[in-house]
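Positions annotated as S-adenosyl-L-methionine binding site by TrEMBL: Thr94, Asp131, Asp161, Ala162.
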Amino acid sequence: MALRLVTKTLSSRISPKLCSASLLHSHATSFGFKEVREEEKSQMVGKVFSNVASNYDLMNDFMSGGLHRLWKDRLVSKLSPFPGMKHLDVAGGTGDVAFRILESVNSIKRRALQDPLNDDLQEETRIYVCDINPNMLDVGKNRALEKGLGEDKSLVWVQGDAEALSFEDNSMDGYTIAFGIRNVTHIEKVLSEAYRVLKRGGRFLCLELSHVDIPVFKELYDFYSFSVIPRLGEIVAGDRESYQYLVESIRRFPPQVIIQSSIPSYHF
């Protein structure tokens, strides 16, 4: 599977005119290989994720050969979580990334317990899991209960739109979005909101599936994506169409070279 991990430290304001002119905006009205009106896309994507919520992480195993777990581990490693941090995980309804961040924070706290004067341990950690889809959030909350984290105040579950976040300016130390940014209607609005809520020097990390450039592997990847994954979706989740959309959305997402050239243009 092709994957791109983007991480930036945010230090200056995004130029408003670059937001509207971003190359990423050309994909704002795509729903897989279909072109739809902007007001329709969020509803259509919402239906997809309502359908796949209960089997989402299982299907991620099939779609990535289990590699998504390693990629998420790397994402959290790049984030460098710390006790007392305020972190926002967007499109993270099932909690897969949030649980890893909390585990990392708790590991640091356990190692530092011998130093009761450590200021970092005095401030309460808050990890906000934000997802527009209530069914995905329900899956995450149930997983938290299964892990014994149902009463953990460090985890805060919030239904919200990545394009119009309810959080205050300069309120977050970190922002992650894993396998979610390709499903939004306006990517440039998501990036602008991420910048708005991050503190100066805050960390933005985006994990996303992308394109394969090596010809032989591209053919294998295309065959697996379009012939195998939708069929697995039909067998495992009883939903071929939703997984057909998911693989199509990966192909419609801008290739790595555009992502790399576009993100610096925001003057992070």
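Indices start at 1 and increase along the chain as displayed.
The backbone N, Cα and C atoms fix where each Cβ goes, glycine too.
Unlike curated entries, TrEMBL annotations are predicted automatically.
Note that the structure is a prediction, hence the values are computed from the model and not measured.
Feature map: annotations from TrEMBL on the structure.
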residue	record	Cβ neighbours (10 Å)
Thr94	S-adenosyl-L-methionine binding site	23
Asp131	S-adenosyl-L-methionine binding site	27
Asp161	S-adenosyl-L-methionine binding site	17
Ala162	S-adenosyl-L-methionine binding site	24
Among the S-adenosyl-L-methionine-binding set Thr94, Asp131, Asp161, Ala162, as the record gives it, the longest Cα-Cα distance in Å: 16
